[in-house]
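As structure tokens, the structure follows; a few thoughts come after it.
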Amino acid sequence: MGFNLTLAKLPNNELHGQESHNSGNRSDGPGKNTTLHNEFDTIVLPVLYLIIFVASILLNGLAVWIFFHIRNKTSFIFYLKNIVVADLIMTLTFPFRIVHDAGFGPWYFKFILCRYTSVLFYANMYTSIVFLGLISIDRYLKVVKPFGDSRMYSITFTKVLSVCVWVIMAVLSLPNIILTNGQPTEDNIHDCSKLKSPLGVKWHTAVTYVNSCLFVAVLVILIGCYIAISRYIHKSSRQFISQSSRKRKHNQSIRVVVAVFFTCFLPYHLCRIPFTFSHLDRLLDESAQKILYYCKEITLFLSACNVCLDPIIYFFMCRSFSRRLFKKSNIRTRSESIRSLQSVRRSEVRIYYDYTDV
């Protein structure tokens with residue numbers, strides 16, 4: 001689902017063909033570039049993905065355990081739980097890429113990546129993006145429109161909307177799996193598009209445009225909600241000082257969402273523009289293609305890092321999550337420490353009066 005940046009790596013046969021073609025003009029340049037390219041693919045990327053795989057398993061495993069003990073009392077918590085599920089599924093695709101890039105799997109192992117792993121990776125990445133947009137809308141409604149249509153605030157509406165998101169993403173993804181039905185050979189295995197049927201190639205292109213539109217829509221929603229909440233808080237803080245502090249926390253929360261979104265997803269989608277909306281990558285020379293390839297893989301890695309940054313959203317935005325985390329780790333927040341100290345002092349005073357009465 002989406003452009004197979006994890007798999008279609010500036011097709012190796014084309015890249016090596018260009019290098020061998022130019023080998024008569026440059027004695028050591030192409031070989032050096034090929035070595036650097038191979039080291040980046042077989043060492044750097046597998047190590048990076050292994051790091052975020054381990055980190056994501058630990059962080060999201062902890063998040064699953066904590067959310068398991070939190071009731072679905074608000075739509076916000078339910079959206080967060082959906083993001084945890086999407087992140088975990090996305091994380092489980094990393095080992096397949098690590099094995100393939102490190103060269104441990106057989107040559108036909110890439111067929112599994114093209115047909116299944118890549119589809120799951122992108123499907124869950126865009127599922128997370130959609131739920132980040134829904135969280136921003138939820139924060140906007142809670143702050144700016146707290147007395148709006150009650151149906152939009154109900155947990156039932158949230159569950160129905162979440163199911164619709166998963167169904168739509170599944171409908172977009174399944175044809176990419178079914179229509180990747182070509183017979184893998186050593187000649188076509190380097191390009192996932194060659195493993196698709198003609199209809200599969202068209203469907204893949206259509207889904208790529210849909211995903212790009214989804215990203216742009218969520219980007220506009222995030223920016224719009226952040227600006228609207230900031231302006232509303234700025235106006236209300238002059239009139240209702242007591243309520244402004246609570247609403248300012250909502251503004252800080254959505255600021256975390258915007259920061260994670262811009263850090264993880266914006267660079268990748270800016271880098272994929274030449275691949276999505278034109279054939280600019282085919283018009284570039286060899287060195288420019290390599291630069292674009294490195295940028296593409298680095299920004300894709302940033303997108304994958306979202307599975308490690310989402311737990312930050314849970315901690316800063318979900319009070320129930322942070323309280324449960326502190327409770328299980330025997331760490332007290334500042335407010336809890338103050339309340340505990342006040343309780344101890346009251347009990348000491350009570351004991352003193354009981355003693356003096358005797």
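First residue shown is number 1, and so on along the chain.
Glycine residues also receive a Cβ, built from the backbone N, Cα and C atoms like all the rest.
Checked against Swiss-Prot, the domain name for Thr74 differs from that for Lys110, so they face opposite sides of the membrane. Which of Cys114, Cys164, Cys225, Cys264 pairs with Cys192 is settled by Swiss-Prot: its disulfide partner is Cys114.
What Swiss-Prot records as N-linked glycosylation site, among Asn25, Asn251, is residue Asn25. Remote same-chain residues near the transmembrane segment (76-96) are listed as 49-50, 52-53, 56-57, 60, 63-64, 67, 70, 109, 112-113, 117-118, 120-121, 124-125, 127-128, 131-132, 134-135, 138-139, 142, 155, 158-159, 162, 165-166, 304, 306-307, 310, 313-314, 317-318, 320-321 (criterion: CB distance under 8 Å, separation of at least six residues from the stretch ends). Within its own chain, the transmembrane segment (117-137) has Cβ neighbours under 8 Å at 1-2, 4, 6-7, 76, 79-80, 82-83, 86-87, 89-90, 92-93, 96-97, 161-162, 165-166, 169-170, 172-173, 176-177, 180, 192, 211, 214-215, 217-218, 221-222, 225-226, 254, 257, 260-261, 265, 303-304, 306, 310, 313, 317, counting only residues six or more beyond its boundaries.
Per-stretch counts of Cβ pairs under 8 Å to the transmembrane segment (298-318) identify 48-68 as the leading one among 48-68, 160-180, 209-229.
Cys114 (disulfide bond) has a Cβ environment of 25 other Cβ atoms inside 10 Å.
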